[in-house]
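K.L.:
Structure incoming, see below.
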Amino acid sequence: MATLIRSKISNKLSNAATAVSNKSQAKVSGMFAKMGFQAATDEEALGFAACDDLDYDHRQGMQMEILTSDDMGGEGSGDGGAVEGDSHYQRDGTGPPHSASKDAGPTEELSEEKPKITAWEAGWNVTNAIQGMFVLGLPYAILHGGYLGLFLIIFAAVVCCYTGKILIACLYEEDEDGQLVRVRDSYVDIANACCAPRFPSLGGHVVNVAQIIELVMTCILYVVVSGNLMYNSFPNMPISQKSWAIIATAALLPCAFLKNLKAVSKFSLLCTMAHFVINVLVIAYCLSRARDWAWDKVKFYIDVKKFPISIGIIVFSYTSQIFLPSLEGNMHKPSEFHCMMKWTHIAACILKGLFALVAFLTWADETKEVITDNLPPTIRAVVNVFLVAKALLSYPLPFFAAVEVLEKSLFQDGGRAYFPDCYGGDGRLKSWGLTLRCSLVVFTLLMAIYVPHFALLMGLTGSLTGAGLCFLLPSLFHLKLLWRKLLWHQVFFDVAIFVIGGICSISGFIHSMEGLIEAFRYNIQE
């Protein structure tokens, strides 16, 4: 018996010494690899895996002892559920959250459940984002970019689809069995992971600010284009463009009551149907004038001063990265996410390119910032009614996302929240929380009234935050979090996207600001 005990003690000491040695070796190797001197070898990786397994077995054994003692003392859960802090839950993120209570009632459990969405519903939301009202500005981009503008419509679709996929890849890490496990939930979590450990919350704050600017500016643009379309559809009515914007905003106030993404998906489906009708009407009119198309007006050179604005317009028309982590996390089958991204961006690329080219060929140098302003009054009124409906149906998606970001960062950030939770214990929105949502709608109206230049504002936003959230940050985060697993061509793509995105962002921002300043200085009307 004594020999057996000594043998077990000797084995445990030997295993512990081996674990410490392997862990130290792996940490040193990992540190040097991060500094760029060399990559970790297979032997070191195996040593770290062995150390991890020993550590896991040790913690699991300790946890079983705790469970056994609890059962003996009558403190067991009764359901065989794991105790908070179980190593299994810490490793792969499954099971109840740490804040879950053992005696939580059924009401709390039901309030935490959110309805899942299908790949089709996720696709409608992505289509809503990338096939939105901003298609109206694409012919204006062809006016200043010519064939290069058409190429950028295709190029932006490919790049935004790629960056959307790598952004979702940053949400996952491999467990000890080589299975991908979702360890992050949002764009902010990815940013914080990249800035840790020195600045664990800096990246999240930067992304939060960029997301809020992007989403709120998108909402503003929907109000701007609604007022513009209604004013140009009924010019003889004694109602100004600002008054039409106020009427549109009144119709958007019910958005303050939105509770989940599934409800937003229904609006996105109706929005896509309205978009299809609009494309059919505009392209049909353009085809009726096909014999007058001005092919010679499509240039091979660019307007150096105004083309950077076109870049911002094209980029902004593809921005959907803000919504992707939430959409993928709410899907019934997240494995269908990549397929959904492919067909939505292929469809967007074809429809956008066709719409922009056909519309520009029809009006050539007379192409306006909002292409429907070129239509004859009768057709314009019909198309604009559908466009206004589309704008109003598009508004809930960015508004809901903006509200979600603000609530999580200011009201629901655990002990770090700046304000008390705007939801009651039963999950209902408090009255002052509803007031804040309505205030956000009114804020978008005020901005729409004082900054009415649709294309310039879209180019400015696309250059400032669109390029950052679509090109710069996803590629940077992908390199930072998955550096050891990337192939050389993936590294090349990420670096190239980051450099090109940075150049386009800076140039587009400068020229868009110049355009806005000029418009205000000389009181230029749309």
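The chain as shown is numbered from 1 upward.
Just so it is clear, glycine is given a Cβ too, placed from its N, Cα and C backbone atoms.
Bear in mind that the values here come from a model prediction, so they are computed numbers and not experimental data.
According to TrEMBL, the protein carries these features:
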{"type": "COMPBIAS", "residues": "74-83", "note": "compositional bias 'Gly residues'"}
{"type": "DOMAIN", "residues": "116-513", "note": "domain 'Amino acid transporter transmembrane'"}
{"type": "REGION", "residues": "68-114", "note": "region 'Disordered'"}
{"type": "TRANSMEM", "residues": "147-168", "note": "transmembrane segment"}
{"type": "TRANSMEM", "residues": "209-231", "note": "transmembrane segment"}
{"type": "TRANSMEM", "residues": "267-287", "note": "transmembrane segment"}
{"type": "TRANSMEM", "residues": "307-324", "note": "transmembrane segment"}
{"type": "TRANSMEM", "residues": "344-364", "note": "transmembrane segment"}
{"type": "TRANSMEM", "residues": "434-451", "note": "transmembrane segment"}
{"type": "TRANSMEM", "residues": "457-479", "note": "transmembrane segment"}
{"type": "TRANSMEM", "residues": "491-510", "note": "transmembrane segment"}
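In the displayed structure, how are the listed features positioned relative to their neighbours?
P.N.:
Non-local neighbours of the transmembrane segment (147-168) in the same chain are 130, 138, 141, 187, 190, 298-300, 302, 307, 310-311, 314-315, 317-321, 324-325, 328, 337-338, 341-342, 345-346, 348-349, 352-353, 356-357, 470-471, 474-475, 477-478, 493-494, 497; each lies 6+ residues outside the stretch with a CB under 8 Å from one of its CB atoms.
Counting only same-chain residues 6+ beyond the ends of the transmembrane segment (209-231), those with a CB under 8 A from a CB of the stretch are 132-134, 136, 187, 239-245, 247-249, 252, 319, 322, 370, 372, 384, 387-388, 391-392, 394-395, 398-399, 401-402, 405-406, 440, 443-445, 447-448, 451-452, 454, 457-458, 461, 464-466, 468-469, 473, 526.
Away from its own ends, the transmembrane segment (267-287) comes close to residues 121, 124-125, 127-128, 131-132, 135, 351, 354-355, 358-359, 361-362, 371-372, 375, 379, 382-383, 386-387, 389-390, 393-394, 396-397 of its chain (Cβ-Cβ under 8 Å, at least six residues beyond either end).
Listed by sequence, the residues of this chain that lie at least six past the ends of the transmembrane segment (434-451) yet keep a Cβ under 8 A from its Cβ atoms are 216, 219-224, 227, 242, 245-246, 249, 252-253, 255-257, 399, 402-403, 406, 422, 457, 516.
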